[in-house]
């Protein structure tokens, strides 16, 4: 069973508790309106496991209402007595059962919520207990069959709740029986079916059942299966042993599983069909077709289904009916209703469901039965002449055999004296002479009150000018000053009366004396619109400016609008630097509390034209395009001309194209002098006497037609290359000027003095060079050369003729008089004489050098450029013999190498640094001394020493050379100097000594003065040139 509830608030109003403000709506004096109960949470079905560690069941129920509801519970329709069983307790609205007992506590439960306004009953909640008993311990007898015979092994499950699942163990756990076309386990009976027994089936079988809620499992005693020895079973027709019921009922939306399995020899094949249509496409066959599974069944899945078991000996069938039911579902519910005493109540509820639901009505939890004033027909209830006793909580209950649903509502009976609390106690009505006066009178009361009107303390006399409308409002037309005064509306019913007073004032009407006038202006100009009004002196007046019916926001208009209020009775509008968007209807609205009037005028703004309409390319050739467009707005100044613009992948943005003159009355034109085979898009710009407008939206991209090329290559030249080659170069023609597909070049050349041209085709559009090779061409032969173009449409022009010389060839002679001089341990100076002038002049030289005992190929190479005939080889190893060659090269290749010369680098400079560096300072002169450097056997002898000194903070140094281990350095400029000493030999400079820092006398004086200012005393040490701080 499934149940659901829709809850609505329910109230009973009394004249002591509430005051009604308007008919059918009531106000409570309390801060929180009083209301009947409304469920926030209803109990749900519960399955409780008997072996659960939680020894408590809690069924939830919560309702709201004012005052707060109290709760009761029903068990199988009988009210629960909480004092009769200590296991029962009520926690707020929830029902708690401690140590639940299946025999006492299982069943249906309902929550009942009650307050002073009525009672409602919840949907049903089913409490079930989950458990799984044990199989009987009695041993099971053996089942003996012939080979080929079918057999059914019974499971006989123990007591259980709710559902269980079945599987079978073969011989020992966990070796489970695998289901196939020959073996089937029914989840309805639990039995194991073997359609045709084989020798491999002999063994012990154990039924295993599992509770779907508690997951508890138990095993049956084993059932032995043996084979008889009196022969083999012959073939026989199928016998259906397990099948679905004759009638299967299922809820809409669930998954239905129909079982069908047969014994037989040979093993039968199972097939399915639906007698009244096709089997649903969503259906699936499981377990070798023994189970037909239909997920999410719908009403149209109902019908007769047939399973057929068939083998070579015959066939057998079974048919059954699938019926789908649906739970009740609301399509019309009842709603809260409030009525005056004596009115009629009519409620109707409707629900769908299969089977069709039946209806019952409850009032305050008790069945509602027909009486004199109460009529009930299915889902309709009619109560005549309602009274206070009819107020309360009502429930419409729709039910079929599968579920129950509730729709709840409250009936309120209104009873209250007239009240004007929702209206001001005293109203003021201000109108102008001749206008209509309407004074509303809407007291809240139940039942409806009687209404009367007075002016002052006299009853009103009604006529054609003074009358009462159907809604009890007082109406006075063509008002005059004599209508001013106090008017009283009185409402009265059996519960009391109330009055409302309204004051009426009749004023002189407002009129606009100076209103805005129609104007035409040009973009950028400024204008003032005037507005002045006459009004009753006793009334305040306000002005508002509007543009196209919308109030102008002066703060958001960028300073273009200014509100000018020079007098109380006028308000002007200034518009500065007018834009096109400021055109429109400007209105001045004048308002008092008595009347509102307005005046408006149109402001026309002249400006540059708007963008023309869509541009269409009507026709296109190789150099022209015919365009059409539609006129845009002229912004109140006639269009005088159009400008056509184009853009291509080769242009810098939009460019004006050539056309015949395009006047303002034209809507088409031809663009000329376009480039062939180029993609263009076009746009149009309109102009008038005020200026040029915005461009149109671009046209779609179009390509001009192909044409013969018209531009020849530029900068044709050439030269260089290898011997017997003529190299011709040019600047490629841009794609913009290739004019079509299949673009290439025609290279034409002839030796000076000859008549016939040789032509060669170069098919690459990006090519910029052509090389012609002829072994018979002497070096530096002059050729006349020209380069032309072509494409699929034909040949284009040639360039001007230029003279290009053939290659002169690689150098033919080797450099001579090659000399190599060792400079240091890492440097050798190489010098040579250039070859004699003539063909094959070098463009530079390549020097190869390698160590003795090594191959030339493993050596290093350096190149020189131009006419240089010497090079300094650096980074060499000390005391090493090198072999060196030199050869010329040019663009044609390399010439022959010179005869190899040899040179040995000097020994390495001393690695020892000058040690024990001492110094004595005498003014700006520093006397230095150090220990002599002794070279190692593989190092070159010391020639002398270099004293290197520089001012701190500078990069340039000065050097003094000396042949002895001492020197005097003159420090001409003031400051701090850094000094170091190196030994040098023919192998180069050795390792530097440690650095010393020396202050000149001028620097010392400056430092001493600073230290003395800080209170620091200095003492010199005689003979050392050093000073110490104290």
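The backbone N, Cα and C atoms fix where each Cβ goes, glycine too.
With helix defined as DSSP H, G or I and strand as E or B, the domain 'Ig-like' (37-128) counts 4 helix, 52 strand, 36 coil. If you look up TrEMBL, you'll see 37-128 (among others) marked as domain 'Ig-like'.
Summarising the annotation, TrEMBL assigns domain 'Ig-like' to 145-220 (among others). Across the domain 'Ig-like' (145-220), DSSP helix (H, G, I), strand (E, B) and coil residues number 3 helix, 34 strand, 39 coil.
Among the features that TrEMBL reports, domain 'Ig-like' is placed at 238-323 (among others).
Residues annotated as domain 'Ig-like' in TrEMBL: 328-412 (among others). Sorting each residue of the domain 'Ig-like' (328-412) by its DSSP state yields 3 helix, 53 strand, 29 coil.
Residues annotated as domain 'Ig-like' in TrEMBL: 418-501 (among others). Across the domain 'Ig-like' (418-501), mean pLDDT in this model comes to 88.
If you look up TrEMBL, you'll see 509-604 (among others) marked as domain 'Ig-like'.
DSSP places the residues of the domain 'Fibronectin type-III' (611-707) in helix, strand and coil in these numbers: 0 helix, 41 strand, 56 coil. Sequence annotations record features per position, and here TrEMBL assigns domain 'Fibronectin type-III' to 611-707 (among others).
Across the domain 'Fibronectin type-III' (712-809), DSSP assigns 3 helix, 49 strand, 46 coil. Annotation source TrEMBL lists domain 'Fibronectin type-III' at 712-809 (among others).
Break the domain 'Fibronectin type-III' (814-908) down by DSSP state and the numbers are 3 helix, 51 strand, 41 coil. The domain 'Fibronectin type-III' annotation in TrEMBL covers 814-908 (among others).
Residues in the domain 'Fibronectin type-III' (913-1003) partition by DSSP class (helix H, G, I; strand E, B; coil) as 3 helix, 55 strand, 33 coil. The domain 'Fibronectin type-III' feature in TrEMBL is assigned to 913-1003 (among others).
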